[in-house]
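As given in TrEMBL:
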type	residues	note
ACT_SITE	38	active site
ACT_SITE	86	active site, proton acceptor
BINDING	38, 225	Mg(2+) binding site
BINDING	39-43, 51, 55, 83-85, 87, 89, 206, 212-214	substrate binding site
Ligand code: V07
């Protein structure tokens, strides 16, 4: 009996979700959504589990979020997986986190391929362990001909370094005559960033109640809508993503009205 109720509840929940998805698809969907996936450590602490248990649970949420984003027709999903500041964490935690791309792809790469998802990465590759980089590069290679959702992992990424490096490259290109000051504008500047191939995010989501950018896409988020939630990343689910998009759509409508 209990199992029957559970089954009914599940089916009922997923039909509610399906209806919500269809409703949301009637209005414009943000093309590029960026997410700061915060609160994994706190999620674990609340359960008296080691922090790495929170990261592992957070990895499963990446899969669910990717599948829904793809289903909704979002074109680019950028996920902040590891910042240049995160190296300061305990070594065992960093070592564990650096194994997550392999574990994730070992399990889900076939599903990503099947669903036409393209895997990309932005960040400083040279400091990553070879095993991590190898797994990601294999996934990028195997999905490069897909033309569905771009799943872009920000990994060992920091926005100020990205901007500084862009400035240095522009100076070097100007010295060698490849770039003249007269040609330099915002669009050219953007083309020197790691996000050169992507449009700016339309929507930024940050979980876990922190209301700051933490060195994430400072230039690119200049005109984006922000949606913050107290929900911890491992607890983030389809309903939350749909709510964020609903709020985005309502704001767009209000903006359009004046
Ligand atoms: C990481 C899980 C999600 C919460 C945030 C921190 C921990 C998936 C990946 C990943 C990265 C590249 C890739 C495939 C999967 C990942 C890191 C951390 C470093 F091609 N989750 N996840 N990478 N966490």
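Including glycine, each Cβ sits where the backbone N, Cα and C put it.
A Cα-Cα distance of 7 Å separates residue 206 (substrate binding site) from the residue listed as 'active site'. Least crowded of the binding-site residues (43, 87), judged by neighbouring Cβ atoms within 10 Å of its own Cβ: 87. Using a 10 Å Cβ-Cβ cutoff, the residue listed as 'active site, proton acceptor' registers 16 neighbours. All protein chains considered, the CB of residue 41 (substrate binding site) has 21 other CB atoms within 10 Å.
Using Cα positions, the member of the recorded positions 38, 39, 41, 55, 87 nearest to residue 225 (Mg(2+) binding site) is identified as 38. The DSSP secondary structure for residue 39 (substrate binding site) is coil. Filtering 38, 41, 206, 213, 225 by Cβ distance to ligand 1 (under 6 A) retains none of these recorded positions. Close to residue 39 (substrate binding site) in the fold, though at least 6 residues off in sequence, lie 54, 207, 208, 209, 231, 232, 233, 234, 235, each with a CB less than 8 Å from its CB. Around the Cβ of residue 38 (active site), the same chain contributes 206, 207, 208, 210, 232, 233, each under 8 angstroms and 6 or more positions distant in sequence. Proximity of residue 84 (substrate binding site) to non-local residues of its own chain (separation of 6 or more, Cβ distance below 8 Å) is seen for 123, 124, 156, 157, 158, 161, 215, given in sequence order.
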